[in-house]
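Visitor: Sharing a structure, written as structure tokens. Questions coming.
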Amino acid sequence: SLSKLQLKTGDLDPRLFSRLRHLQKLDLSDNLLDKFPNSLTLPDLRVLNCNNNKLEDVTALKQFPLLEELTYENNVYLTLNDDYKVMFLLQNLRRLNGKDITKLANHVRRVNSRKLTSKVTAHWEKFFRDQLPEKYTAEQVKSIKEKFLKSVQTNVVYGPSSLSEFTRWRVKMIAEEFLACSLGLELNSDTEPEEKTDENEEESTESPREAAEDVAQNLTTSQHASQVTVTPSKRKRNHSKSSSGNKKSKTQADTEEEAAEDVSAEPLHFLQCHSKGNSREDFKTQLWSCVFEPVLDSGARKDPIVSSSRTVATCGGESVCLIDCETGTVLKKYKVATEEFFSVAWTTLTMVISDSRRKAHNILAAAGRRGIVKLIHVAADFCYGEIKAHKKPIATVCFSPTQETHLFTASYDKRIALWDIGIPDSDYNFKASQLLVLETVSIPLRVALVPTCPEQYLLAGCEGGCFAWNIKLDKGQKSRPFEAIFQFPDEESVTTSHRVDGLAFLNDDVVVSKSSKPGCIYLWSWSRSFDAKGKGCQRTMSAVILAELEWSTTDMSYLTLSTCPAKEYVFCGDEKGSVWMYNLSSYTTAWGSAKGKRLERRICPTQILKWPELRVNGEQPSEILVNNVVADPAFTYLVVLTSVNITAIWKKS
């Protein structure tokens, strides 16, 4: 037993340990180890305890091939992916963190490996075999190997996204073996395979959730809350409705037709995971906000070749959920009994771990009716702090894209506050401070930072109009009135006074906003509307309208919109459970020129996704409002949040 000795990795001297030829049990718990040296040897080791350390990687444990029992609980940087790696690497392992894993481990070693091997082989046959000439040079071999390894890790997907790191790690390993054995292409690769973690196999004999629960005891118990998956009784493929209007040239018509076809989507999952008290009868909880988790592109924890996450955070009622869009698995659930959550936002903080090494971690901020921001370190399943930001409810929160610790909170107290949330130390101590208060004349509902100058201007849609503030921190005054209010066309004239309940940037310049005027979403130019040279505050400026989007004629408020800038899409739900999708890629070039004229006709949706016929306990839910709809950055998934406690996930087909 070497527990509780403040041991660091450098204290484990291989020269000493390699002499312990017959050691069978080793207890290294409650120390400061961040990894295992590779050459401890210990050829007869059967039981190893490394609870309560700071381990970040498990692959070095493969040096103990006879290991039967392993525990490493309370190592916050280890995840479910690491559990799967040790099950694969240690063929004799029977117990992990106190649980019998024999059945799951056999599945990981055999079924999982077999499936991945066939997928890797098929990927080579389909896309790469014909690229290799009969007589090839060393350069050609090197080039094709690199392309294949990159492609296969990106495109071979299996099991839930919570296990995607493990899957990519195994895929890389299998691909390298395949190239070396089948094709004789040796890989001179002495680098440690990159790590990545993903959840349970989709095709295992037990469900992904059961398999995960075998090993995922370190997850919060509330993760296993009741989820009702509502299956659609009819799965209709939605075909695109092409816009009416002026004649187009053949090429333009073709590309628009392709874009329209490209967008058909299939309903994938319907989840009821925000129920009050986990009640299956709850079809009243309103769901408000969802944001896709950013991909960590540094370090071994995440793989930079993967462009977009499939994990989304959703909030509504007393809970925040983390959902894998591909499998529909609720990976984590966080509850506060007295809260009603309205908004969630992600940031990536570079936190200092042991030995002063820095590492990126995703942090989720969640806020709502109590005016308190909860800060959650998701990988560690730990809500490490809170900021009492406002005395009234917080409508929305958002992080600065350039300052990782800067968080904006917009509240019913008619203020938007800017906070520096600080960076937690290794014991999760942190210091938050308020940097700015922006005074609003009415309740702020949506906020957006101007993409070309996110540290200078903030735009907010409020109950009483659309406003802009100068948020530059070198200006001195901590409390600021708005700098501009924007005028929009009204039935007869122009008005500044209207509820703006949808606001987002489509690209660096085009703003999309939705007002209480029924049936209309405006697209307008930030640079042509905002006069930065004028002096003074509270000036009225006319929004330079580029186009209007045709939308539902409802006068129902708070059905918000979102954009997918990379694909130039706008999404907005309606009062009937439908999602209106607009592909604007054929218009944005014209809008970008200074002479871009306003389109006379309204732009019709490229497609409307209709709510499928769902039966819950044999009945169809009554009125279904779509409060929010968000696509991941690559527009693979579309997450639809409703007023009846159902999260719908669509996948682009």
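From the backbone N, Cα and C atoms, a Cβ is placed for every residue, glycine too.
Because TrEMBL annotations are produced automatically, they should be read as predictions rather than curated entries.
Features from TrEMBL:
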| type | residues | note |
| --- | --- | --- |
| DOMAIN | 2-174 | domain 'Leucine-rich repeat and WD repeat-containing protein 1 LRR' |
| COMPBIAS | 189-205 | compositional bias 'Acidic residues' |
| REGION | 189-264 | region 'Disordered' |
| COMPBIAS | 217-232 | compositional bias 'Polar residues' |
| COMPBIAS | 254-264 | compositional bias 'Acidic residues' |
| DOMAIN | 264-652 | domain 'Leucine-rich repeat and WD repeat-containing protein 1 WD' |
| REPEAT | 387-421 | repeat 'WD' |
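Walk me through where these features lie, including what they touch and how far apart they are.
Guide: In the predicted model, the repeat 'WD' (387-421) shows an average pLDDT of 96.
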Visitor: I need to check the long-range neighbours of the repeat 'WD' (387-421): which residues 6 or more away from its ends have a CB within less than 8 Å of a CB in the stretch?
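Guide: Apart from its flanks, the repeat 'WD' (387-421) reaches 289, 342-350, 365-373, 375, 430, 432-449, 451, 454-455, 458, 460, 469, 471.
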Visitor: Kindly report the helix/strand/coil residue split of the repeat 'WD' (387-421) according to DSSP, in that order.
Guide: 0 helix, 20 strand, 15 coil
